[in-house]
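Have a look at the structure below, then the notes.
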Amino acid sequence: MWLLSSSPWLSELSCSYSAVVEHTSSVPVPIQWLRFVLLSPCPQRALFSAVDFIFLLCFALHKLFSSPSSSSEINGHAEIRKPLIGIRGRTPTRTTAWFKTTVAVTVLLSFCSVVLCVLAFTGKRRTQRPWNLIDPLFWLIHAVTHLVIAVLVLHQKRFAALNHPLSLRIYWISSFVLTSLFAVTGIFHFLSDAATSLRAEDVASFFSFPLTAFLLIASVRGITGLVTAETNSPTKPSDAVSVEKSDNVSLYASASVFSKTFWLWMNPLLSKGYKSPLTLEQVPTLSPEHKAERLALLFESSWPKPSENSSHPIRTTLLRCFWKEILFTAILAIVRLGVMYVGPVLIQSFVDFTSGKRSSPWQGYYLVLILLVAKFVEVLTTHQFNFDSQKLGMLIRSTLITALYKKGLKLTGSARQNHGVGQIVNYMAVDAQQLSDMMLQLHAIWLMPLQVTVALVLLYGSLGASVITAVIGLTGVFVFILLGTQRNNGYQFSLMGNRDSRMKATNEMLNYMRVIKFQAWENHFNKRILKFRDMEFGWLSKFLYSIAGNIIVLWSTPVLISALTFATALALGVKLDAGTVFTTTTIFKILQEPIRTFPQSMISLSQAMISLGRLDSYMMSKELSEDAVERALGCDGNTAVEVRDGSFSWDDEDNEPALSDINFKVKKGELTAIVGTVGSGKSSLLASVLGEMHRISGQVRVCGSTGYVAQTSWIENGTVQDNILFGLPMVREKYNKVLNVCSLEKDLQMMEFGDKTEIGERGINLSGGQKQRIQLARAVYQECDVYLLDDVFSAVDAHTGSDIFKKCVRGALKGKTVLLVTHQVDFLHNVDCILVMRDGKIVESGKYDELVSSGLDFGELVAAHETSMELVEAGADSAAVATSPRTPTSPHASSPRTSMESPHLSDLNDEHIKSFLGSHIVEDGSKLIKEEERETGQVSLGVYKQYCTEAYGWWGIVLVLFFSLTWQGSLMASDYWLAYETSAKNAISFDASVFILGYVIIALVSIVLVSIRSYYVTHLGLKTAQIFFRQILNSILHAPMSFFDTTPSGRILSRASTDQTNVDILIPFMLGLVVSMYTTLLSIFIVTCQYAWPTAFFVIPLGWLNIWYRNYYLASSRELTRMDSITKAPIIHHFSESIAGVMTIRSFRKQELFRQENVKRVNDNLRMDFHNNGSNEWLGFRLELVGSWVLCISALFMVLLPSNVIRPENVGLSLSYGLSLNSVLFFAIYMSCFVENKMVSVERIKQFTDIPSESEWERKETLPPSNWPFHGNVHLEDLKVRYRPNTPLVLKGITLDIKGGEKVGVVGRTGSGKSTLIQVLFRLVEPSGGKIIIDGIDISTLGLHDLRSRFGIIPQEPVLFEGTVRSNIDPTEQYSDEEIWKSLERCQLKDVVATKPEKLDSLVVDNGENWSVGQRQLLCLGRVMLKRSRLLFLDEATASVDSQTDAVIQKIIREDFASCTIISIAHRIPTVMDGDRVLVIDAGKAKEFDSPARLLERPSLFAALVQEYALRSAGI
């Protein structure tokens, strides 16, 4: 090779023209000049001397111009940390291992330079030419420089310097580059024909190289390693303190450089994991510098200022935060690139050595030693690069999640709707992860051209001009890959968009599963999600088949380009021997890495750019304006809330006001009620006071802190106590008082764990009234100045509402400013002021009597209420008579009792009635949300079997193995053919055409086999992924309601997103790669042991060591991966929960509390990720080191074995395979571990495919007649219900008959079991005993859809799905537009919908948030009116509408459902007064069941309830 020639420039110090240019050489002159400048001793010494001189000059000038005054302290301690300044004062310091190592390295370099200087001056010189003085002078300057640096570093402790000076850092970087050139020159000189022994300067350069590499790292880090008393840390004051105080901080925080270099800090954790499965508590916390709270501050401080007008703020900020880490990984990548080509270059030397062309008997051992050192440096830099890149990715993900969360708490309402909760969750779960993963691929983009250039230069030395064919071939491959990348970019973009849509639909389905089951809409949502999935699957298939095409090109490139290059070389007359051929094939194999990683890097880059764009869009979304409301904690004067000339809109971009001409003033301590019809703007008015709406004009002023109770309850997943305290400390006396005034004491008494009872997701195990009272208690406990209560009485019964109004609103909150939105006219004469709203304007305001006399809007509301109360008051009069003292001659005393008749007054004593009026029961008080189950130990073979055989059984596995083995066999055949044709004994009969023809045929067979294999693996993966998706979707839809009550949606969503993505893409790809790696590893062992057979004796124990390492590592890694998955779900859940309750959080100013909780959850997750990455590189370093030892042992035996035993061509073949042993061995074992960790996703999906299902949806053998129910007769016989085994009964033996067409009202205290009765009639909860017979059919014998689809229901909480008015009122598309309009007209919404431009296609956002709660309830009524069921259930259906609208709805129901059986749960007594019968439920028992009139004639519980409802206003 031309680099190993005996040219004089390689060994002489002459800088003459003759030493540079050899006119007889075939090497071009520019290349000779480049070679001379970089690798010749003369310019090297000149460059190094210049660098030394410049540094010494800078040092001298700095000392010269440092005045004595600079030694004094400036601003306290400002100058104490500046090095090179003579500070006389002493500061207490502590040295770390980093400082000590730096000192040791500088002293060693100084010693080495001094020794070489002495040798240069005392050594014998052959001639007295002038340039012979270059060497001694160079070493003299070099020795002086290193001595100065050693003294400087030692004096840093005296001056308490925390950072190295910039001049020193620049010098160390330059020194590393130049020392690298010295070392390369030394290697080439040793390998050259003229070399007889190693020179002293060559040995010195080999010795100095790792030392300067350490100083390079020191220059990038910048810190000296000294810790002063002021800081206690080289980075942050708080870091060291936190390390000392924490008992279980990651050992990385305090690890020495040596420990970090070889991942020794991971040993204790891996040891624990090997002995027993790791638990969450055993995994150490993150180092302080890696914690989310520190990174969040760094991100905020680096965010571009508005004046910068940055169009890509995320990218800019991340670069500012992590440029040092990016630079350090880039340096590692360059060092790795520098040593990875040493092996291919040495192949020719090994072949020459075994051929007898040796300059020294020791040359073989030197070659083995160089190979060992080069592989060691390659392995170390590779895994340090991987670890630091993954750590950087982890830091970026942590930074982004906390930033996204903080932004979520600031978004305006319209911005929140534009992005949607599902998409925002994807920003955290997908886009942040995408940018994190990108860090491992980042440097491959610019390293690829450099790596290819180096390879081509080396190839040019071996093959000359024929390398042009390789350039053309590689260019063609790159063009194909680039076009494929561009195509994949489009596929990936569409795939992510469709995945977002599927996740959004899945999230919506999970949130409203109760309504879906009530309406028997599972099939509709199944089709809807499958429609999204089919679109996603189409893009997924295109994406994966395109990737498979890229893989085929990548795997085929070495043989294809080799064939073209060898053909060109023979055509040009280049002699091909074993050394040249196998050096070439090895270089092409090395080029596989940039060819493989470049397209993947481009894909990752394109995905990252898409993600950056999405995140930029989100982070630049509008935030709530801080000046929308003028806030003051202490205000002079009497005004607490004031709005002047206010106009407000929900849309930031639209100036069409939702509220206009708003003018009102509330004095301190006043109770102001806000009333109006449905959709008049009452809730919006409260939002405007809170600053939640876009202020178009006007002024809002609020004095003091605010507390908000939303109309739709927002409850956190946690304990009752946590929800009430809401971040404040427990004050028991105050806490108990709050429980009392919010009527929660008896509820808590009935709960198994009292206020420690865990509340399910979205308060699923609480009644509507209990949720409302808990969030009211939360507000009262906060002791705010201004309270905004949005319809807090709608979800509670009359007695509870009266109690809360008296004890809470007029009691505990007396003296506070309260704005109360209410439909309860009864309370209005006890308020200080009333605001009446219509169409977004305040049309009236004043006191009760003033407004009634005006006869306008308020008068209509009061009139409607009084009309509805007439029946109640008449009943109350009867009740008063019934409950008056009676004589034994009273005619009522002898009236016969029905089976359900109430007991007489003698039985219903005062305590009994009081107990009933104040009783509450919780339906289930035990711990509801279960800890997520996780498998421990090895992933079972059953999971692998289920995945691999799901598509085509065992035949799928057999075919993959067959094609993999035959493909690898064809690759081996091509290399055996090269070895045979280039052997010495075949040289005489060598036929170029036969050589090329044979190689091309083998190459084509290899390409065909790898194509079949790749496409088949892709097909298997896609088919399996779709099967798994359909299985889990089907399982979830068939799951009983109890499953959703006890399983947070975050757990299901994590399986539908992260786990499904793993099954879609990662697992099939990686599983195919594992098979390829193991077949490649098998081929390497066969070839290596075939020609260096003694190596087999070492392979067996080293192979056992590999297996032991794998099992030792996997025991911990598997659990860390599982815990990583488990700790991800709480981040998602907490985020979506926070977005849902953001108005409540903001009103109480609790953003910081929730941000800290987010930070805590992020840290919990990232510590798993960090230690998992550490364990991966711990394993990788050791495995690759073992592979390198096997290679070097094999090379040593090739040197030791006589030439008649091992032929040169076999040496080339063996080394070309052996050089990739370390990386293939690592990737084979690492990928198998990676696959096992990712197989946890299959395991997790499998958990949810085995959920116990509810009963069949349809039963053909018991299909009811099409017109069933015929009459609506309902018979309950000893009905008993409990929610889960071993829990108390909720309904305790109810027996009753309801005749067809009867209107039955169900009343009872909050949590008494009313809603449970409806659930059991729909079989959302199966009876624990008894029967339910409807029109002669036992409903337990019917299919669930056959049952539920025949009933109509308006649920307690109105639910709208994202879509349009049409898709919400008729989701199954069974009715015509005419029928829909008629239904909307009957439910009072026709005018509202008709005024919208899109009419029936008007937008409904997630949960119908662009419609008022009352309008949502009316739309739900419209659904039922279309259905026209014979049996109708109303679960507090009019709780959120005013009395006027309630009266209209009741009238509609009476007219449209006159012949239907109606079972209505109601808190408003007027809604049941005109019913046929009333069912009174108390503590799960049917206490009374009779007509309202008969119940009022005697001292019944119902009579007491009616009387209390009628008189509650008077008593307030």
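Cβ coordinates are placed from backbone N, Cα and C, and glycine is handled just like the others.
Record features, source Swiss-Prot:
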type	residues	note
BINDING	Gly676, Thr677, Val678, Gly679, Ser680, Gly681, Lys682, Ser683	ATP 1 binding site
DOMAIN	326-607	domain 'ABC transmembrane type-1 1'
DOMAIN	641-864	domain 'ABC transporter 1'
DOMAIN	957-1237	domain 'ABC transmembrane type-1 2'
REGION	879-904	region 'Disordered'
TRANSMEM	46-66	transmembrane segment
TRANSMEM	103-123	transmembrane segment
TRANSMEM	133-153	transmembrane segment
TRANSMEM	170-190	transmembrane segment
TRANSMEM	203-223	transmembrane segment
TRANSMEM	326-346	transmembrane segment
TRANSMEM	361-381	transmembrane segment
TRANSMEM	551-571	transmembrane segment
TRANSMEM	953-973	transmembrane segment
TRANSMEM	992-1012	transmembrane segment
TRANSMEM	1089-1109	transmembrane segment
TRANSMEM	1211-1231	transmembrane segment
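Under the criterion of 3 or more C-beta pairs below 8 Å, with sequence separation of 6 or more, the transmembrane segment (103-123) and the transmembrane segment (551-571) do not qualify as touching, having fewer than 3 such pairs. Gly676 (ATP 1 binding site) falls within a strand when secondary structure is assigned with DSSP. For Ser683 (ATP 1 binding site), the same-chain residues that are 6 or more apart in sequence and have a Cβ closer than 8 Å to its Cβ are Gln711, Asp790, Asp791, Val821, Ser1412, Val1413. Here Ser680 (ATP 1 binding site) comes close to Met837, Arg838, Asp839, Gly840: these same-chain residues lie at least six apart in sequence, with C-beta atoms under 8 angstroms from its C-beta.
Counting every protein chain shown, 29 other Cβ atoms lie within 10 Å of the Cβ of Lys682 (ATP 1 binding site).
Counting Cβ atoms from all protein chains shown, Gly681 (ATP 1 binding site) has 24 others lying within 10 Å of its own Cβ.
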